[in-house]
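Features reported for this protein in TrEMBL:
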COMPBIAS  24-34  compositional bias 'Low complexity'
DOMAIN    3-148  domain 'Peptidoglycan recognition protein family'
REGION    16-38  region 'Disordered'
Amino acid sequence: MPVTIHRRATWAQYVNEDQRPHAAADPAPSDNPDWNPIGGVFVHHRGPADPFGGEYPTEEDCRRDIAEVYEDHTSGDEFNGDIGYNFLICQHGNIYQGRGYERGEANAGEAGPVDGLKRNANFYSICALMRSNHTANETLLEAYRQLIQHLRTEAPRTCGTRIYPHSFGYDTECPGNLTMYAQPGSTIDPAAPWTGLADIYIFAAQKWVNATYQNAPGYIRCPETGRTGWSTVLSLTQGLQHELGISPTVQNFGPGTFAAVKQRRLVPSDESNLNLIRIYNGALWCKGYWTSTIQAFWNSDSQAALEALYGHAGLSYSDSAQRYEMWPHVVKALMRMDQFRLVPRGDINIQRIQQRLNSRYVADIGIPAMALVPCDGIYSRDVQQGFMMAVQYEIGIAPDAITGYFGPGTQAGLRGRGSGQLTGNLRYLFRSACYFNSPTMLPGDPQVPLMYKPEDIGTDTQTSTHLEWVRAFQRFSQISVTGTNDYTTWAQLLVSSGDTDRPATGCDCITEITAARGAQLRAAGYQIVGRYLDEHLPPSDPYYLGKALKSGEPQTILDAGLRFFPIFQYNGTQLGNFTYAKGYDQGKIAHQKAVEHRIPAGACIYFAVDYDALDIDIDSNIKPYFSGVKAGLAELGNRYTFGIYGSRNVCSRVSHEVGARWSLVSGMSWGYSGNLGFPLPENWSFNQIREYEFQPGWGLDHDVWRQGADPGVSTLVTGQ
């Protein structure tokens, strides 16, 4: 968008009369042959707090202040007879011309070069009209962003991409609270997304922890951005370890740190170590609680924040015994990114379940392996692990033997006590698992979502709505419709693979299906097999698998009385494998290979995402890749539709947001975050639940083939 830069005359009217003509005139061209702002910009502010005010309520106040800067800078030779800044920005979002596009003089050139560049000759200087006791507003930051974009792309002398604070390599506190924005990638960088205001108290904690522990063995600095994140809480963890006598420090809150906090047995109100108080206050700020604005002071705000955190986690601070017993758990939670208040997409009913998990199984039972689960209303990997531990306890596994792993002991307990008449806590957990897996889908065209009723979670009575949901879930998951808490239903609720011993009629493999192998699959009850259309590696490559369909193999599969579904995968095991361009190319290659194998029009080709892609990966790369696949197939006439192979979350999002027709779910990867807390995709056609050796040297994936979903390929095109 166009940038308005107010000329010098707008503020020159407030300069002393004898200097006014010079102040209002265009800046003199630089006579320095080195002037070229190829470095970027330096960010400044107006200096220390003004004890007599220093506020800018009106635009006239801003212009008077610029005039004051001009008079100060022209009173000596330091700034070469003019205002030192190229541009100035006020809190109202107005940009003012200083030296304009000529050489700046405010970047402490005597401090030496920056990245081999001269501080004054190779950088613009931009000053904000704010003091060190002021904080920026969004209007000022937006103006910075617009001006920097202008200087990079439109100015007579365009600048480089560096953004530095005046204090970079120079002993000054300037630009004060703007320092957290004065860096590439921040919200004022037009090459980065707009992220709005940062937090000055998180910024203060970041500066303090870096300055205090920079020489502690093992310490890793966190970025000083005013925004929380793992790097910040892990640096605070290292500060905590140093204060507790642990050396070297590490970026992990492990058993040793937990034991040291437990041994100290001092909540902050009892604590005399001011550095620990600073760490606890900083961690509370990172959690989003309003606490003491003086880092080393534990005040009523700090105490209220801590008591609120206890309550949000499902714990009691007023219970003295629980307060001290749970303190190591609370400190561990503080040193993580877990949230204990409802987040924007959080569900209050899930939050209540999370709080109950903490109250009963961490505080009351004290399961040794169990940490506090987040209480943000999101069913995540950590919540799933804590939930599994709770189930293990209720089915009779000894607390010391509880691991959260869905192993033989857990499976045996679910087949026994878990499959009997449920009451009390075990019934609550079963119904909570039902809620976690909501919505399930009712059959129809289109399918209709069915949510589990929150009021059914805590009741000990059998309800018609509970039975309706369980039966619908069983039907949708294609397991036996019993309406009961049998083992297969428990397994389907708890892990994405479900009951891996249940029968299935689908499979997929990298092995060529010969006539003999086809007969063996058919005899074992399989009706459809997934095979790969191509392989990108040559036979000479050590990683070559020979997985591609062979010439004539599709007919061999059909002759064995089987169907098949085509899969396409060139790597697909890491983020870098997914771009729009690669998807576009691979969509066209998949089309060509399908035609070569005489696969008829309308068949669905499954493109693989063979790793645990997070939401950020899906947004940045996975969706663009599938948009490319879609475009590549469309360019060749949309002869084939595209499906997706991946975790539940990947499949659901790509199906809803890009248009994948069917989902081949990697259910056997039950530890993937994308398979934890996400229901089966509405359009699932295959659920890959187990990998095993079908015959010596012949590995097979056991896939539940959903009735009425993708029919696969049952005939080939003739005459080709």
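Cβ atoms here come from the backbone N, Cα and C positions, even for glycine.
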Could you give the number of helix, strand and coil residues in the compositional bias 'Low complexity' (24-34) as assigned by DSSP?
1 helix, 0 strand, 10 coil
Taking the domain 'Peptidoglycan recognition protein family' (3-148) alone, what is its mean pLDDT?
93
Take the domain 'Peptidoglycan recognition protein family' (3-148) and count its residues per DSSP category (helix H/G/I, strand E/B, coil), listing them in that order.
41 helix, 22 strand, 83 coil
